[in-house]
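Novice: Before anything else, here's the structure in question.
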Amino acid sequence: MTSSYAHVWITDTEQVWQSAEILEDYKDGSPVLRLLLEDDKIDYKIDLQSKQMPFLRNPDILVGENDLTSLSYLHEPAVLHNLRIRFVDNNHIYTYCGIVLVAINPYEQLPIYSEDIIRAYSGQNMGDMDPHIFAVAEEAYKQMGRNEKDQSIIVSGESGAGKTVSAKYTMRFFATVSGSSNHANIEEKVLASSPIMEAVGNAKTTRNDNSSRFGKYIEIGFDQQLRIVGANMRTYLLEKSRVVFQAENERNYHIFYQLCSSAVDSEFMDLHLGTSNRTHIEGVDDAADFMQTRHALNLLGIKDDNQLAIFRVIAAILHLGNVAFQSKDRDSESCFISDRHLAFFCQLLGLEMQEMTRWLCHRKIVTASETYVKPMGCEQAVNARDALAKHVYAQLFSWLVQHINQALHTTDKQKSFIGVLDIYGFETFEVNSFEQFCINYANEKLQQQFNMHVFKLEQEEYMKEEIPWTLIDFYDNQPCIDLIEAKLGILDLLDEECRMPKGTDRSWVQKLYKTHMGMSKNFKKPRMSNTAFIVCHFADEVEYQCAGFLEKNRDTVREEQINILRSSKLQLLLELFREDRSTGKSPLRGRVSIKPARPGMQTSSKEHKKTVGHQFRNSLYLLMGTLNATTPHYVRCIKPNDHKLPFTFDPRRAVQQLRACGVLETIRISAAGYPSRWTYQEFFNRYRVLMAKKDIIFTDKKQTCHNVLEKVIKDSDKYQFGKTKIFFRAGQVAYMEKLRADKLRAACIRMQKTIRGWLQRRRYTRMRSATITIQRFARGHQARCYTKFLRQTRAATIIQKHFRRYTQRKRYLRMCAATITIQRHLRGTLARRTFHLMLREHMAIQLQRWVRGWLARRWHARAHAAIVLLQCCVRRMLARRELKCLKIEARSVERYKKLNQGMENKIIQLQHKLDEQSKEGRLLGLRLTTVEASRAVEVERLAAEVELLKKSRDEVHHASNRILSLEEELAALRAQLHDAQAQNLSLQKQSDADLEHSRGCIIVALRGVCQVKHVHQSYFPCPGKSVPWHCHLQKILPELSNENGDFNKHFAHNMYWYCCDAMVTLRCSVLESQLNVQRRSHEIEVQGLRSELQALREESGRQQQLLSQNLQLPPEARIEASLQHEITRLTNENLELMQQLEKQDKTIRKLKKQLKFFAKKVGDMEGNSISQPAIQRKEKEFQGMLDYKKEDESKLMKNLILELKPRGVAVNLIPGLPAYILFMCVRHADFTNDDQRVRTMLTSSINSIKKVLKKRGDDFETVSFWLANTCRFLHCLKQYSGEENDHCLRNFDLTEYRQVISDLAIQIYQQLIKVIENTLHTGIVPAMLEDESIQGVMSGMKPTGLRKRTSSIDGEACAHTLDSVIRQLDAFRETLLQHGIDPELLKQVVRQIFFLLGAVALNSLLLRKDMCSWSKGMQIRYNVSQLEEWLREARLQQSGAKEALQPLVQAAQLLQMKKKTDEDAEAICSMCSALTTPQIIKILNLYTPMNEFEERVSVSFIRNIQVRLRERKESPHLLLDVKHMYPVTFPFNPSPLGLETIQIPVSLSLSFITLV
């Protein structure tokens, strides 16, 4: 690999590493290597002893990969170069390094954290998308749900590297994708804790404008459904010294400046604060941040009075810091205070100013025998003041943490949690003190845990694949940790020195020299200092100055000052310094305590005597135990430069942090083993070009990989075969890529040769084809003649075939019909036998049920009687005892007076109320009497009508007598006719003519009979109507008599008699039906009287029960209870009377309407009978309306909407049948002018549809069914709203309801789109981007890293393919058409579906580097063409769906276009009209060559595109909004069906509705 033209890395003072090209092949033993730099040639010296060669550079095709472990050569220059290319050239801030996410601070707001991005990463595998903090969060979230194990996300890095922002975005991701399990909005509270902690714990430093000056570990708890149920926060090592001291160009904590910015507000005027003139942060509004902080406090439940108390404490700390001390004289060791700030301090905290002044200037010395009060000098007093200010702020910080945890605690059961650790990275400054020592100690512990976890993963991978492995040597920092925390370590000696009365920093350092100098290789002494020491950390050597170590470790606060604070009048201050106050247990998890690394002070307990180092060590042990019990995920934040310049990369600062954060250690551990890993399927697809066809075994690809590696790589130690993967040493993938490129280059040469040969052959074939054409025409004539003969022969054969088929088929059909007949009779016999058997069994069961029921009822009646008798006896005995006691009490007159004292007025009041109730009862009684009188009049009138009916019956009898007389006359006429026939024999021909004429008369008579029957049906349609039928008969008789001849008269009289008899019989049946109706009404009245009697019995039982209860009460309560009962009884009676009155009113109104209707009918019939006695009425036709009883409305909604199965209706019934039925019911209510029924009908229908959608809203069949029916209902209301046809609505204008139903249709449409989205969403990306519809296009995938590795040997086939998506689209379309969806609405649905397909696919494409290649663009374009073909087959080209796919189509075209010249740039700008500028730039940055013959897009070309697209005015968002919906419209589509033609099937169970 060190041959000429190879590229290597050499060290450089400015760029750390510099690329060079080898000019000459290296020969063994040569001391130099000829290299070519960018502008010079050099001789690189090689150490012949170590034979260390320069690092080889990776091929250009591997540069810029998402995962550093996918690089063939894993070393520091390769990592640094890959990060620089991604950060500077491609503007990608995230990169994977194995299990670590490297995040580089861009110092610029990027549009990659919106909710669209969160939704895009939610549910995706970690290696499928581009590196992102959301991918790490999603991986932790999925592993927690899949493995049921707690997770941790460890975010570390230098100050200013972006740790706090990364942790914040992680918590935002969890809050967005999970939500909370109740209505407490825990996710909002978790996010609200960030502004509070940033305000009180973050400050501006020289390196970062929002630097976290404490470490925190947030546990977010989840339940069984992976929803947030609570959270818990722990803090570590707050930098308290910042409260009293800030370096130049730094600030105190943000809360101080936020409070000062609002000092002019009225509620803060009493704090006596001024505006801050300290360093201003560009782009930060302290007043706005203060409002955000207060809003967060309110959201977390901290009340306004507590907030004001917090601000008073913060203002008091500011005033305390301004307190100045003055010496009494020059040499005096005492001081005094004459400063207004101390007065403000005492006023705000409610303290005694005299006591505070005293103990700020004095201190108490306690000896074994006496106690002394000694004055302090100015310097000592200032130290005591600063210590007090720091301690108060630390206590306030701990109180806030505790209350935040209480607000984030819920009672829901937690199953698991995800912890987010935001902790300081390794720090080294010019002067390093106690804080830097603790920070670096924590990083040593975290680095040890990280190294062990990485080594463990490597070991598990090798063991899983069953390959031999040797112990990998990695850096173990346990000696450094032992130096710090072991017995007689640095912390142990520091605590020991703190316990010494006269311990100093110098004496402590001398002990360190004596103990560890020469004993530990991690401890050193500076050459020029006796007050410092050096610790060799894993990242670098750090020199610590011992000044201040003891004081900061002790963290001493005067006890007298604390006692003064405990006597404060401010309640919050009392809580801060309560003696028994502790940070408490974690409300979220019982095994972990919630406490910051620096707990509150305790004056008299051992806890107060613990040093800061000891407390920090204990909290660190607790943290490490938590992390070891979880699955960790690592985020390493890198600061690219110290000047906060956007997308500027300083290699020296970056490599320093990469070494410190353990990224290079991960690379080194991976490179020590087998860093490159391929599945057999991936290796086969990529490198099968190196195999000969005879060596390929398609049935055993694993053996094929074995064969090719044995031929290509001779050293078997360079690779290992696992169960599912092939493991390669570093550099072997680059070697394989070189062989592959050489093979492809040779193939290209062969292709060129072949093409040139093809051109020559084509010229030859053209000349040859001309000759053949001439021959073809000559031979064609002969062939046509022969063809004609063959056609005639074939025609004859076909005729014979069809005739024989006809005869055979006829014979078969006869046999089939006979067989079916025999089977039918046989099956009928068997079915009848089975039915009779089942009937007998059913009857036997009924008899058994009746007998057993009678036995059970008889036993229950006997038991009930016995129990009642026993209860009566017991109650009688108790009543006698009570009565005896009451008689004794009643004899005492004084007691009676005493009991009834004060009850007289109350009795009078109750009596007055009773009188008023009685008056109202009498009034209601009078009204009831009036109603009954009117009812009696109505009854009398009906009785008169009955008398009229009786008279009409008498007339019928009279008409029958008249018929008898007419029969006698008819007999005489017969005799005369006989005589006339005997005498007139000569007129035989005339008699024959008369005979023919008589036949015609018979026909006329039959017509008369039909007229009589029709008259009866017309004038007697229902019982209770009297019609003068004899008048019609009398008028029909002359009509029959007018016929020629005596025979006609005789026949007419007979027919008259027959018709009268039929009329009498029918009238009698009518009277019988009326009698039956009266009998049924009488039975109903009797039933009502029985129910009233039963109610009176129940009332009597209640009265007896109340009497027995009153007998048990004392006398004074007994009277009050009886009065109350009487009032209740009268009220109930009044209510019953009012209900009866309303019922009577309704009955009267109903009867009046019926009488008017009947009177109008009778009038019409009488008028018609007078004017046209022989009119022939037609039968009543169905008018397209449906009627139902009011009490059946709920049953109608249940059967027609709530319990209707859409699939059965769609298959067996006409589309939109429920909508037609509902409209026909509404139309009948409109016809009867019943506005109440119209309103309730429409309201119930809408509410029932909403209930169905709420219950089965995720079922596509149900939602599409009710969308179609709702639209059809809406169209019916519009179609029949005017005067266009006979079925239109006459009385009501339903425009408002049409708007409500239109809104409901829009809601159902949106729900339908949501169901479709949920069905398709998981399969869109695999089908549109990953499915290889064109086989072989994507066979040469590039090498992938640890994040993108499969575990199957042959590569699992994608579960979702483009064919499956098209089948799903077919299913959607068929279902919608079955339900009768409007064609225009179907087009809108398809358009929305295609927008979803294009948006989801394009969003995934914009977030996946591996998808942005030329071959993938061709694959996407082919997949889109398949969808367009589906549109053509479904005849939906005009739906606009094709235009909805334009962004994806243009993205695919962009991947396939040339990207070099200005003409290419102009073509891209004109072609990509549907893509936004950020999307075009993103695709160009993501474009990745799949082979060495392809070229990357140059940075200058991308800048050229940006300049050309600068004038565009478009959305700045990167991703398309997949939730976007096109406006839906419902074009009017009138129904082609007539309402009168619609029939209601029995399967709907709607027998209670009637056709009108």
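Including glycine, each Cβ sits where the backbone N, Cα and C put it.
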Novice: Would you mind telling me which of 613-654, 949-990, 1495-1536 TrEMBL tags as coiled coil?
Specialist: 949-990
Novice: Just to be sure I understand, if DSSP states are collapsed into helix, strand and coil, how many residues of the domain 'Myosin N-terminal SH3-like' (3-54) fall in each?
Specialist: 0 helix, 23 strand, 29 coil
Novice: List, in sequence order, the residues of the same chain other than Gly157, Glu158, Ser159, Gly160, Ala161, Gly162, Lys163, Thr164 whose Cβ lies within 8 Å of the centroid of the Cβ atoms of the recorded ATP site.
Specialist: Asn105, Asn208, Ser211, Gly425, Cys637, Lys639
Novice: Please determine which of the binding-site residues listed here (Ser159, Thr164) has the lowest count of neighbouring CB atoms within 10 Å.
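Specialist: Comparing Cβ neighbour counts within 10 Å for the binding-site residues Ser159, Thr164 gives Ser159.
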Novice: Within a 10 Å radius of its Cβ, which of these binding-site residues (Gly157, Gly160, Gly162) has the fewest neighbouring Cβ atoms?
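Specialist: Least crowded of the binding-site residues Gly157, Gly160, Gly162, by Cβ count within 10 Å, is Gly160.
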Novice: Taking all residues of the coiled coil (1079-1161) together, what is their mean pLDDT?
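Specialist: Value for the coiled coil (1079-1161), mean pLDDT as a whole number: 69.
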Novice: Do any residues at least six apart in sequence from Glu158 (ATP binding site), in the same chain, have a Cβ closer than 8 Å to its Cβ, and if so which, in order?
Specialist: Arg207, Gly425, Phe426, Glu427, Cys637, Lys639, Gln657, Ala660
